[in-house]
């Protein structure tokens, strides 16, 4: 059983699927091992240690028989084998039984009483009629009882063995008492008959009264042995429980270590969740930052939308750059290049003063703004037109970039043959404008139409010379040729534009046309100024 237990401890069964814990499995193993422990049998006991109680012959008898045979073979006392053999165990159990010992004690008391009466009759201390006949009957009864005692002693010697019988001092004393009580009675009976005073020597048989102790032991020893067996079982169970306790303690320590690791992991996860929560709380502040109110909205493919958005990003003005919306600064830029205090980028080609009308947002006041529109134009009939919130692509392939101090950036490149309806971003091609519009939007529409009508007089403004001379003081009426200083400035300006953009073949933006009169140019621009700086009342 100990080997089985150690094997179970060395090779623990794996956890059964289905929710049964390892602790329950261990408890079940302990219960099974406790039930499988057989009760302790009365084996390998010496004669003086065996109880006098009734023993189960089916279990204890066969075990005693086998153990006695082994002991006889070991000690070499083989004289009992031919006589009794394996039946000696049955006789041993019978001789050690409590019933036999109780009967023997009763016989001892009876023979003592009979021998005492016989002694009183023989000494004539007790006289009554037929006393001598009664004394003879008592004599023969006492002789029979003493003969039974002698037979029991011989049976003990035969069953237990001469050497075991001699080793047990109490049994030797008991046998001596029986012989000393039986021998004088037999001798007196043979010599003198039943009437002999020597029969009183048989009273020595009263020393067999010690058999009472055997009777008491016959009832006490079974309980004692039973308690000893229970104690042994509990000791074995305690040893098993101690082993299981050590194992469970080890399992608890491992689980405690694992629990500490999991708690540390959960603490780290809590820190990560807290960091993510803080980031999520800061996200609305990032999303709520002000953005540009211009957004490219154009029906087309994804590539076109992406290109338009990239163009709008390029057209957004930098916050650091501050351009003075002044006509004098524009003129100084035409002649001298970008000024140091204007903050405009160097690759600016030209500046066109026009109106930027936010049609999509009617809440914005419809004041006119001056927009710096650096144009990069090629010579294959491309033109620039200022529109709001839209970038349109055309066959010319030119890109217009615009920057403004009012944070409104508009740019478009379109073909010269584009009709007037295509220049309006807020007006779809397939559907007309709604009939009922807000007043501010109507004002914006009217302003844009006026601007487009002024620009549509020349189908391609890029081919017409944009001469800054009318913006200055007018020259005398008869002068057709321009001054050499103005020609020099225009040539420097065109050369700078060509050097700044070496990739594109750019024709000079400003052409000096000697045939056109300066007064006519000034008059045409003067007629458009009220429309640029004032909003007509609708």
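Think of each number as a place in line: the chain as shown, counted from 1.
Including glycine, each Cβ sits where the backbone N, Cα and C put it.
Per Swiss-Prot, the features are as follows:
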- 232-278: coiled coil (COILED)
- 381-396: compositional bias 'Low complexity' (COMPBIAS)
- 397-417: compositional bias 'Polar residues' (COMPBIAS)
- 425-434: compositional bias 'Low complexity' (COMPBIAS)
- 380-435: region 'Disordered' (REGION)
- 453-483: region 'Disordered' (REGION)
- 1-102: topological domain 'Cytoplasmic' (TOPO_DOM)
- 124-130: topological domain 'Extracellular' (TOPO_DOM)
- 152-169: topological domain 'Cytoplasmic' (TOPO_DOM)
- 191-199: topological domain 'Extracellular' (TOPO_DOM)
- 221-538: topological domain 'Cytoplasmic' (TOPO_DOM)
- 103-123: transmembrane segment (TRANSMEM)
- 131-151: transmembrane segment (TRANSMEM)
- 170-190: transmembrane segment (TRANSMEM)
- 200-220: transmembrane segment (TRANSMEM)
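Residue counts for the topological domain 'Extracellular' (124-130) under DSSP, helix first, then strand, then coil, are 0 helix, 0 strand, 7 coil. Break the topological domain 'Cytoplasmic' (152-169) down by DSSP state and the numbers are 16 helix, 0 strand, 2 coil.
This prediction places the mean pLDDT of the topological domain 'Cytoplasmic' (152-169) at 83. Within the chain, the topological domain 'Extracellular' (124-130) has long-range Cβ neighbours (under 8 A, six or more residues past its boundaries) at 117.
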